[in-house]
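Novice: Below: one structure in structure tokens.
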Amino acid sequence: MARETEFNDKSPSSTDDGMSQSHFSDKLKNLFHFRRNRAATVSTSVRNDQRDNDSDDSTFDINVNQLNELDLNDSSDQLDSRPSLRRVSSAPDSHKGVEAPPPRPLINMSNIRKAQVKILKNPGNYIFGRTEYGKRTYSGNSTKISRVEVTPHSFEKIRLLGQGDVGKVYLVRQKSNHRLFAMKILNKREMIKRHKVNRVLAEQEILTKSKHPFIVTLYHSFQSRDYLYLCMEYCAGGEFFRALHSLPKHILPEKDACFYAAEVTAALEYLHLMGFIYRDLKPENILLHQSGHIMLSDFDLSKPISIVTHPTVVLPKHSTFSQEKPALDTNSYFSNFRTNSFVGTEEYIAPEVIRSCGHTVAVDWWTLGIFIYEILYGTTPFKGKNRHATFSNILYSDVSFPEYHGAPNVSSTCKSLIRRLLVKDESKRCGSVAGASDIKQHPFFRHIQWALLRSMKPPIIPKIEDGMEAVEPSDNDNEEEDFLNSQYLISANLPAVDMHSSTPVNEQSNPFDSFSSVTLHHAGDE
């Protein structure tokens, strides 16, 4: 949940959750002034995370049509007078004027005694949602959805894993079987206030439908009067971001970067085939399973399409790269589909998003290029001294690669893929012809056996003793309010609305009516 930055171009007439761009611009036009007349502005907001506890929900007007090199030295640029958006991989808290905290160790056995965790003779059989990676079949009929079988009282809270502006994530243990889960608890009042109801509904839809080894698994979802609960697989390896920053220079050798890029590509391909644009790829949103394989998480910025078409096949002669077999066209699902939402992470945002001209599934391939660059070089390619400069670089600067003495050794083949993924024109970007098939056919992945990714040994294996990560109880007694003291909705048969409102319940609309309270059984987990 670290370094989480969100931009929102909100339009009441669109299917995305939020307010109109012009409304924000009119309301905030006196806050910031640039020397030049602006042709167009976009609104941005800061989404806080566990390392940014400011509750400031500030918005900004920033010029995207007149960014140029002269603007980078413009002393009238007032953006830096506001809280900086998070996106400095080496110092995520630099905007606060404090030293970035060191990466949390993957294992700290001294804290286990604090948690008073009972380690049984064979803890792997009961601690994790999956006892052995790859045991699940992921077949189309491997998931059984039934009426929810748990309540908040079915779990014991161990500690707080992270928090955002509308909720928290806890490490919990199910009392009946001692299995560990990550439970996301979202405050309904805050979601309504911040116009994020549709986002959690989209996230639940993705988690409920997904059956993929590189996407985090949902086991239970339910709600109380005041909160929504998503009980998901606990990835004991933690954030990929933290694992990366525990390495020398915070980088990976090219061979290892290729492995993780391949797993991310496979996960994105699956999401696209399911009709979802991810839109927020970054190391913080990638978790490490205890086996070392990756799992994508945090789908609240993802965009589902309303109508999913049948897939098509691209013949070899039409493919971007030479290949022996026809390629499955994952782009065909998004034919004639564009969305105007302004969402993402500052240094990962694609040019078409900044220009507010609408975007397609191609934004995911842009973020893949940024991701590969970052894990190879320890920084992102277009990062500027401030947000204004970063956006200018994204729009107008070509990607460059460090060539100083001691710079990471990266092959021309790898650089070729990064350049192809970071083409400004989305219609010419790698992936524009057949989607994921284009990326998978690039020579950079020539040694990857895509069907056997789950069987490959990951470069980073989390050091977890006795099946446990460092676990310790939280010292904040107020956290019990959202965990146990909420009135359980299903058993009490209460409406999913704000019970504290002065408006009678029968007159309130129910924005959470489509939030499904279900339990999912996965073949291979029992």
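Just so you know, glycine gets a Cβ as well, placed from its N, Cα and C.
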Novice: For the ATP site that Swiss-Prot lists with Leu161, Gly162, Gln163, Gly164, Asp165, Val166, Gly167, Lys168, Val169, give the additional residue from the candidates Lys175, Lys184.
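Specialist: Checking Lys175, Lys184 against Swiss-Prot: the ATP site match is Lys184.
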Novice: Quickly, which of Thr44, Thr131, Thr339 does Swiss-Prot have down as phosphothreonine? Just give the residue.
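Specialist: Record says Thr339.
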Novice: Annotation phosphoserine per Swiss-Prot: which of the candidates Ser84, Ser89, Ser154 has it?
Specialist: Ser154
Novice: Which candidate in Ser45, Ser90, Ser319, Ser341 appears in Swiss-Prot with the annotation phosphoserine?
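Specialist: Of the listed residues, Swiss-Prot records phosphoserine for Ser341.
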Novice: Quickly, which of Tyr219, Tyr278, Tyr348, Tyr377 does Swiss-Prot have down as phosphotyrosine? Just give the residue.
Specialist: Tyr348
Novice: 10 Å Cβ neighbour count around Asp280 (active site, proton acceptor)?
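Specialist: Asp280 (active site, proton acceptor): 24 neighbouring Cβ atoms within 10 Å.
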Novice: To the nearest whole angstrom, what is the C-alpha distance linking Leu161 (ATP binding site) and Asp280 (active site, proton acceptor)?
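Specialist: Rounded to the nearest whole number, the Cα-Cα distance is 20 Å.
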Novice: Roughly how many Å separate the Cα of Val169 (ATP binding site) from that of Asp280 (active site, proton acceptor), to the nearest whole number?
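Specialist: Pair distance, Cα basis, whole Å: 18 Å.
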Novice: What average pLDDT does the predicted model assign to the domain 'AGC-kinase C-terminal' (446-526)?
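Specialist: Averaging the confidence scores along the domain 'AGC-kinase C-terminal' (446-526) gives 64.
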Novice: In Å, how large is the greatest distance between any two Cα atoms among Leu161, Gly162, Gln163, Gly164, Asp165, Val166, Gly167, Lys168, Val169, Lys184, the listed binders of ATP?
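Specialist: Taking every pair of listed residues, the largest Cα separation comes to 15 Å.
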